[in-house]
C-alpha cells in the first residue's frame, strides 16, 4: 500500500503525519508542488521484459505525459535482488540530490521510497505499482530501493541526457528511516 509519512527535518524519529489513502497523499503532496497519482498499470509485463516492451505496454500513458509536460526522453529502470550493482546503486540514490528538471516515475511493478526534503519538512513517499510521482526540478530528495530491490519504473525526462543529479553533500538521508524489506 502506498503511503506518505511527513517529518520535521530535525525529528526523524517522530512522524508528524502518516497517510495511506491515495487522495490524501495526492492532496498533501500537491500543497508542496509534487504530483502523485494512481494509474492502472493493467498491461501485463513479463519478468525480464525489455525496456522496449515496457514502454510499448504503457505507450498511451507515456505519450500523454510527454504532450502534457514536454518530456523528450523515456527509459525504464528495472532492479531486482539479483542485480550485481544493487548495493552501489542504492548508495548513490540514497545521497540527497536534486535535478535541473522534474523527476517523473511511473511504477509498473514493485516499490521504492522517494524521500523529499522541502523547506523544513521531509516527505517519505512509499511508491508502489500503479503510482506516478513527479518531483519538481530543484527539489532536494533521495530514493531508497531497499536491500533487496524489486521495482520496474518508467522514467521521463526533459533532457536527452536522462538522469543527471546534483548532490547536495548533506547527510540528512542517513538520519531517516529506510525502505524496509
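Just so it is clear, glycine is given a Cβ too, placed from its N, Cα and C backbone atoms.
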Item checked: Same-site Ni(2+) binder from 60, 141, 148, given that Swiss-Prot records 97, 99, 103 -> 141
Checklist line | Among 96, 102, 103 [recorded positions], residue with fewest other Cβ within 10 Å | finding: 96
Check: Which recorded sites (96, 102, 105) fall within 10 Å of residue 141 (Ni(2+) binding site) by Cα distance?
Finding: 96
Next item on the list: Could you check what DSSP calls residue 96 (site 'May play a role in metal incorporation in vivo') once collapsed to helix, strand or coil?
Entry: coil
Check: List, in sequence order, the same-chain residues at least six positions removed whose CB sits under 8 Å from that of residue 97 (Ni(2+) binding site)?
Finding: 140, 141, 142, 165, 166, 167, 168
Check: So how many other Cβ atoms are close to residue 99 (Ni(2+) binding site), meaning within 10 Å of its Cβ?
Finding: 19
